[in-house]
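Before we start, here is the structure in question, set down as structure tokens.
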Amino acid sequence: MRSFLLASLASLSVISVYGHPHARSTLTRRGVDLDSYRMKHAATYKNVAEVVADHNINTLAKRASAQDIATDLVKATIPNATFRLVSDSYVSDNGVAHFYFKQTANGLDIDTADFNVNIGRDGNVFSFGNSFYKGDVPAPPSLTKRDGSEPVAALKSAVDVLALPVSAQSATAEPKDATETYAIKKTTGTVSEPEARLVYLVDDEGKLALTWRVETDIMSNWLLSYVDVKDGSKVHAVVDYSADATYNVYPWGINDPTEGERQLVTDGFYPPASEFGWHNDGKMAFKTTRGNNGIAHTNWDNKMSGFLDLPRPTSEDLNFDYPFSLNQTDFHDYGNASITQLFYTSNKYHDLLYTLGFNEKAGNFEINNNGAGGVGQDFVYLNAQDGERFNNANFATPPDGSPARMRMYIWNQTTPFRDCSFEAGVVIHEYTHGLSNRLTGGPANSGCLSMLESGGMGEGWSDFFATAIRLKPSDTRAKDYTMGEWISGSEFGIRNYKYSTNLEVNPQVYTDVDQYTRVHPIGNIWASMLYEVLWNLIDKYGKNDDWLPEFNSAGVPKDGKYLAMKLALDGMALQPCNPTFVSARDAIIDADKALTGGANLCEIWSGFAKRGLGEKAVYSTGGRTNSFDVPAGVCNNSTVSSQARRVKLPLSV
């Protein structure tokens, strides 16, 4: 296990960590109040105005590198301190370079003593903060490698004092390469091996205490417990990398405000998909709407760059609870609520798509791929209330390795105006553009839905996934859905036809594509076909109304809804660059063959054939040809006649 280096500067909204936190504390249920073990010593911060006014800082000699300037500032500020440069220094998009230093004493880290220096574009000190210790340093302890009994005893003390669900009766300690650091073996109840490291800590009296920093990941909490070396029964402090994030949002499954009320929901991430949680990228833990999968903010001024500096809410306890009323007339007043909703919905969808196969290797959107393949460095910039225009939303998908951008606009077709971040279907629609563009033609090629027909199918996949996700437990194939009804203020929504299996409600067939020269009406036809396939599969396998699918031992979703979504997703990865309806249909059929051995060919073919994309359908630039036929032998050794397209199909097809 890699060691952790805390950087608990009160002036910063991030904490440097390595590894992944998990959510939801259980220690309170065991009678342990972790808040009583919080660190007591805050850092100081010198802002840019104070730096400019400080003559001593301005007289620091110009050096060859920003790192040298930062180092000189630390030396000048705390002349007698010993320290080391932490390896996570970087330059922000705004041109400010950030350097982090850890104070040491007698060759050991002082875990609560940090110094951060920010160097501006001009090479001068911009601002800085520090919590360096200024008192007397005790005599050095013996730093010879121990026999392992002390770190094991420290772990047992932490387990006893904090009532941790860990068994360490047979534990042994093995030295690691880092100074006075031990891996503790033969324990149970932890996600990974505990680690003990000898460090100093500033105690409640303001003096240096020599402690064992014991790291234990027990899933519900990821703890650093500082156990006194002399008095093993004393735990000076505890740091918990985990945090229960709370969001006041329309929960997953509520498509828009007409379907339910906002609620306070806690966390909600799926650890295999978001192994660092939603507010951590494996190196930094964020106290704002930022994490490995995305960063959400308002963009009222339509800025085209500098997204990291845009306004977003900050909460030390990750409690994102902001007021919102449907009667509010000024959308600026509920910007934080909009950001929170957008961040929540996008992260939920990221995790769902991961379970269906849109992972790191497939080109999903994450900053840190954590060794799982793909390029990384490409979360999604989530622009709430984007000021470019009204009545729209869009998603820009560059190749794998470059961040995507979602722009959600205010809609002015109602009074008061409406914010599309509060309609989950719109958020999911936009995010699905990232899915279809990354999968079609491979993650490195984002230009594979650039034809009119393939671009239209991109719109269709987005509508389809949004509609499938909003299905309710009581829904049957008789249920019709409108896309964008709430945001537009129109019962007809923003598409030509509702999504329906009733040909009287939605009569569209393949050749109707001929009349359109824009992608959205073409997408309406493609999604209508997928909606037919969806209900054929639901009628066969039932519908899972939970947030995530259940899979059988072969990796096949057990229900029809998630199976339809899985096949659509797998088909994207199989289909060629710039597919047609015909080739995309074939790819979905191939996806079923690959996943299930072709167990659902009748349901899939029947869904497409009902709307003219049967066996003999033809794509041509001069005009498309309908076919309402299912291949012979696919459905009970018979064909579905073209006459069947105007009547309800039997449940068996």
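In case you wondered, yes, glycine gets a Cβ from its N, Cα and C as well.
Swiss-Prot lists these features:
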- GLU430: active site (ACT_SITE)
- HIS429, HIS433: Zn(2+) binding site (BINDING)
- ASN327: N-linked glycosylation site (CARBOHYD)
- ASN336: N-linked glycosylation site (CARBOHYD)
- ASN412: N-linked glycosylation site (CARBOHYD)
- ASN636: N-linked glycosylation site (CARBOHYD)
- ASN637: N-linked glycosylation site (CARBOHYD)
- 1-19: signal peptide (SIGNAL)
Fewest other C-beta atoms within 10 angstroms of its own C-beta: which of the binding-site residues HIS429, HIS433 fits that?
HIS433
In whole Å, note down how far the CA of ASN327 (N-linked glycosylation site) lies from the CA of the residue listed as 'active site'.
26
CB neighbours of ASN336 (N-linked glycosylation site) within 10 A?
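The answer is 24.
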Among the glycosylation sites ASN412, ASN636, which residue has the largest number of other Cβ atoms within 10 Å of its own Cβ?
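Comparing the glycosylation sites ASN412, ASN636, the most crowded Cβ belongs to ASN412.
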Rounded to an integer, what is the Cα-Cα distance in Å between ASN412 (N-linked glycosylation site) and HIS433 (Zn(2+) binding site)?
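Cα-Cα, rounded: 24 Å.
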Rounded to the nearest Å, what's the C-alpha distance separating HIS429 (Zn(2+) binding site) and ASN336 (N-linked glycosylation site)? Just drop the number here, would you?
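HIS429 (Zn(2+) binding site) and ASN336 (N-linked glycosylation site) have their Cα atoms 22 Å apart.
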Applying a 10 Å Cβ distance cut-off over all chains shown, what neighbour count does the residue listed as 'active site' have?
26
Under 8 Å Cβ to Cβ from ASN327 (N-linked glycosylation site), same chain, six or more residues apart: give me those in sequence order, or none if nothing qualifies.
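When sequence neighbours closer than 6 are ignored, ASN327 (N-linked glycosylation site) has PRO416 within Cβ distance under 8 Å.
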